[in-house]
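Student: Pasting the relevant annotations from TrEMBL:
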TRANSMEM  A:33-50  transmembrane segment
TRANSMEM  A:62-81  transmembrane segment
TRANSMEM  A:112-132  transmembrane segment
TRANSMEM  A:138-158  transmembrane segment
TRANSMEM  A:195-214  transmembrane segment
TRANSMEM  A:244-266  transmembrane segment
TRANSMEM  A:278-304  transmembrane segment
TRANSMEM  A:324-343  transmembrane segment
Amino acid sequence: MGTGEAGEPSTRRADERLTAAGPLRRLLVRPELGALVGAVAVFTFFAVQSEVFRSARGIANWLDPASTLGIMAVAVALLMIGGHFDLSAGVMTGTTALTVAIVAVEFEQNIWVAIGISLGVALLIGFFNGWLVTRTGLPSFIITLGTFLMLQGLNLGLTKLLTGTVTAGGLASAPGFGSAEWVFASRMTILGAEVRVAVLWWVLFTALATWVLLRTRFGNWVFATGGDEVAARNVGVPARRTTITLFMTTAAAAWFVGTTLAVRLTSVQANTGIGQELIYIVAAVIGGCLLTGGFGSAIGASLGALVFGMTLLGIPYLRWDADWFYFFLGAMLLLAVLANRLVRRSAEAARR
Amino acid sequence: MNPPPTPPVTAPDPAAPLLELRGVGKDYGSVIALDGISTSVRAGEVTCVLGDNGAGKSTLIKILAGVHRADRGQLLLDGRPADFGSPREALDAGIATVHQDLAMIPLMAIWRNFFLGAEPTRGRGPFRRFDAARAKEITRRELAAMGIDLRDPDQPVGTLSGGERQSVAIARAVHFGARVLILDEPTSALGVRQAGVVLRYVAQARDRGVGVVLITHNPHHAHPVGDRFLVLNRGRSLGSFAKADVSRDELTRLMAGGAELDQLAHELERPST
């Protein structure tokens, strides 16, 4: 977790029973290590066989799905470190995208007003999830499964009611679209390849989340709440507030990704985002998050998203059947979970 | 470089004990869990609470720590009646309890655990951040001041031995200004050597002017470090003794119920031929 400056008091007599806790072992218990090894392996595997994959244009191509997934995976990783799941995160990207499109087009508002309302809706849903989880003490799995299904129904029902179809579109003609496009969906040329701005946002959010986790009080509370909520509360950590904030952060990330989708495509399907929630969790787990909470990293989750993006585009680049994609992803997940299990054992083994 | 034992400067009346119990009792429904308990805790002294299983030790801790309210009797803090409605109130009054579960997160680094809930920060506004360098430094210094030698404050608490974890918890309570430190069976799950290590830290805390309440069922651990002994049996006090007035064997006898032990010894004796 900590970035461990190697300040070992070397003058003291070392415990003779201690096996060398050298830099290697310390590296091994870092949550993102497995994901880093995985990402390098996957990259090497595809890059060796496909020239397109390793070209600048190819890299920009597989960074794109990795970026929107990565933004969500980082937020979901924070939530998982805090000890909770959010199954409504995927469908929430649809809810927010639809809100942007419907408010801007059907209610003829400036797109920034629509984006603001969409953020308000997202934060409200996040607060509701967190509040219900902390109030009832029920597993977040079941509560967010409930909101997931409710939102799925609302997305379809309200879209049909307001637009008469299952698509909300026509966003390109909304006032303010140009500036919104610049923020959420512009492209820039780096080394001759067109890179979408979402990639920059993804890097930025990963850095921010890492800083918050490792270098703020709130980050300490996230680890503590996920590690042992009762113990955390006993020493004065506001565990309830921490949990609610994490659910609202996940919702805010869904809003960002949803808005990006809406502005990019200018029209939104009512079933957008359904099924994605598990992919976010997969990326976070590949990135070293423990399902039981209290351990994980934002960088790891981003690497997990990178593995996802590379596999998603690498398989068609090799002209394999795209059906193999899920097999790969599943195998990666299993490997990651097995590796995490070792980490937890070594970290929790108490020597009495 | 341990600070010399200092007299308490916070107590308004230096002669009054930090914490005093007068005839305290507690019932759970129709069960009298505790009745007529009187003892005192002074700064720089160790008061041991001894008793076999079911003697009422846990109930007594819960009253001191603010988890339960006493049904009878009085709790005096610095000579004034006190009434703790919650663990937080007791903590604010300077009464820190190190429970058996220690309230530490196994997967987190020692220094993160040390400051959990009271993290030092620096910077302002959105740049206010956890001052990790200072936290690590203070952790290392505080542990060293208690004579605790840890290899690396970055290692997860889960990798520490039971005695080491207990020691870190004690150091944490002392650092955060505990005037009365309640230790719930700190040696019960430990081996002989580890228990000795923990007792040494108890003595360290005492020498720094903290009033310690040590709860244990082991008179061999209590007698060397204790200044005052409260022996409980089935919810009642068998007496509160100063160290000069009681030997270790007497403590053992009292705990086991005196006469019963004599009877047992008699039964176990080899028949003389």
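Each Cβ is built from the backbone N, Cα and C atoms, and glycine gets one as well.
In terms of burial and nearby residues, how do these features look in this structure?
Tutor: Using a Cβ-Cβ cut-off under 8 Å and counting only residues 6 or more beyond its ends in the same chain, the transmembrane segment (A:33-50) has close neighbours at 27, 58, 286-288, 300-301, 303-304, 306-307, 310-311, 314, 317-318, 332, 335-336, 339-340.
Here the transmembrane segment (A:138-158) has long-range neighbours at 84-92, 94-95, 98, 102, 125, 128-129, 132, 166, 270-272, 274, 277, meaning same-chain residues at least 6 beyond its ends whose C-beta is under 8 angstroms from one of its own.
Long-range contacts of the transmembrane segment (A:195-214) within the same chain, counting only residues at least 6 positions beyond its ends with a Cβ under 8 Å from a Cβ of the stretch, are 1-3, 60, 63-64, 66-68, 70-71, 74-75, 77-78, 81, 183-189, 222-223, 253, 256, 260, 297-299, 301-302, 305.
Through the fold, the transmembrane segment (A:244-266) approaches residues 68, 71-72, 74-76, 78-79, 82, 84, 86, 89-90, 92-101, 111, 115, 118-119, 121-123, 125-127, 129-131, 133-134, 169-172, 177, 180-181, 184-185, 198, 201, 205, 218, 222, 272-273 of its own chain, all at least 6 residues removed from its boundaries and within a Cβ separation under 8 Å.
Residues 1, 30-36, 38-39, 69-70, 72-74, 76-78, 80-85, 87, 89-90, 202, 206, 209-210, 213, 223-228, 329, 332-333, 336-337, 340, 343-344, 347 of the same chain, all 6+ positions outside the transmembrane segment (A:278-304), place their C-beta atoms under 8 angstroms from a C-beta of that stretch.
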